[in-house]
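Annotation source Swiss-Prot lists domain 'LRRNT' at 17-48. The feature repeat 'LRR 3' is assigned by Swiss-Prot to 97-118. Residues or ranges marked as repeat 'LRR 4' in Swiss-Prot: 121-142. Annotated signal peptide per Swiss-Prot: 1-16, in sequence order, evidence recorded as sequence analysis. What Swiss-Prot records for 17-518 is topological domain 'Extracellular'. The topological domain 'Cytoplasmic' annotation in Swiss-Prot covers 540-636. What Swiss-Prot records for 519-539 is transmembrane segment, and it gives sequence analysis as the kind of evidence.
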Amino acid sequence: MAPPLLLLLLASGAAACPLPCVCQNLSESLSTLCAHRGLLFVPPNVDRRTVELRLADNFIQALGPPDFRNMTGLVDLTLSRNAITRIGARSFGDLESLRSLHLDGNRLVELGSSSLRGPVNLQHLILSGNQLGRIAPGAFDDFLDSLEDLDVSYNNLRQVPWAGIGSMPALHTLNLDHNLIDALPPGVFAQLSQLSRLDLTSNRLATLAPDPLFSRGRDAEASPSPLVLSFSGNPLHCNCELLWLRRLARPDDLETCASPPTLAGRYFWAVPEGEFSCEPPLIARHTQRLWVLEGQRATLRCRALGDPVPTMHWVGPDDRLVGNSSRAWAFPNGTLEIGVTGAGDAGAYTCIATNPAGEATARVELRVLALPHGGNTSAEGGRPGPSDIAASARTAAEGEGTLESEPAVQVTEVTATSGLVSWGPGRPADPVWMFQIQYNSSEDETLIYRIVPASSQHFLLKHLVPGADYDLCLLALSPAAGPSDLTATRLLGCAHFSTLPATPLCHALQAHVLGGTLTVAVGGVLVAALLVFTVALLVRGRGAGNGRLPLKLSHVQSQTNGGTSPMPKSHPPRSPPPRPQRSCSLDLGDTGGCYGYARRLGGAWARRSHSVHGGLLGAGCRGMGGSAERLEESVV
């Protein structure tokens, strides 16, 4: 008989193992093997003393903190090839002894900053074969000092936590292959002195920045920790930026060039160093001069060519680099936008295009035309300064001397919604950049501006309010006297006009439409009446003909007293009495003439129906009446 203590231990051990799993108690370690068991979640009754837990090849969809709570002795956790789409925050929070975590072959799309919190002694992290598109910058912070192997291959990553990866001094193997990575930060691997394998295969890398890490693989015997580097399957752009890599002379790799076209498809290490060349930047087109009104958006464009693609910068009039701000935006393609221009934005801007082969510059002139502001006058030269429309009208009313020599402003050809503004040529001694028309109406006090080229002497105002009074002033914008002055504004004249009231254009059209409608209606009534009358006559004639059907008599023989009487002689049939002559007979007699008359009647009716609308407007109506009478006489 077994001792009671041994039976108790066996019973407790059997109860601790989940039913679908296999538990192995090898020496002091306990392994729980639950692979290929069809599990939908982590078994809740797993022994908390488990050292190795294998849950691979199941259908687990999510992980949460209760799944591994109090499993402080767990060293190896395998969750490969499940259907995990979500890892809750601090799901591994109690796994302080965990050394190996396998999450490959799942459906993870994102790793948050707290998804992997807890395993501070983690050494091997396998995340390959998921659908990861983003890994939070702080996702690896708990095991930066201990991690030795990191595998994030076969995902959809464009970026990885480079700052965290660059701070892993114990990292030996880094697999980044088969992702969408298109750039490596310069010097990102400088601190990885223990790195022995770096796999960058099948990404989107067109170039690689120089890094001391790559030179360790050139001489494996001299390097304390030789590097196995693989970056084949990338669209390498073989120009001067990769000349440093070409000089490493690694004959064991099979990389090829994807561009430029002259080197596409050639073996990378077989291309002579002299063919790894670059082209200096060349400004292809740019804005030369731009004039905008104060407050408008200004767009300065600059396009450059070169190999590699030049980096674009802008320098403002104050010789400072123009960066993105709340008012200005510098785009990578060389476009500079200023949202709301002011007088201080005017000046010369410099577009700078740079690449490793050199730089190119272009000058762009921005002129900001200041709008008139109320209360500002210029005493120099006797010219009025910037002024709004109220001040301009007041100045015109006071009769300043400057207006007497200026041409008058006239508004002619005024309609309900438009008016033609005309003015004469200005004084030849005064250069004019452009004219500015200011106007507002009694219906809306909003001041409206219109800019007219200096070569014009008239302007058509459109979209005016019907029946409204307008005040209009014309100003000339001229160059300032000094480089630091604002644009000079000179008043040419003012005018007052009123638009015509809105005229209902539908009266004449209404009479015309009503006349046409009445004609069509009367014609329709007459046509309908003629149709009804004709059908009635045809029906009446057919009924009369059926009543006069001739009776056909057969010969009758009579037999009396059983005797037979001789057959009477046959007499020739008597001809029917003559009938009165008619134009047409509708009985069942001779119908040949009726058919001809019907054809004539149908043709006349077709001709008359085609000309009914014309007959309604003239003698046709009278002709139609006469035809109807003749038709009645011929049928009845």
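Note: Cβ is positioned from N, Cα and C throughout, glycine not excepted.
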TODO: For the repeat 'LRR 4' (121-142), jot down how many residues DSSP puts in helix, in strand and in coil.
DONE: 2 helix, 5 strand, 15 coil
TODO: Count up the helix, strand and coil residues in the repeat 'LRR 3' (97-118) according to DSSP, in that order.
DONE: 0 helix, 5 strand, 17 coil
Task: Integer mean pLDDT for the topological domain 'Cytoplasmic' (540-636) - done: 45
- [ ] Helix, strand, coil: count each for the residues of the domain 'LRRNT' (17-48), based on DSSP.
- [x] 0 helix, 10 strand, 22 coil
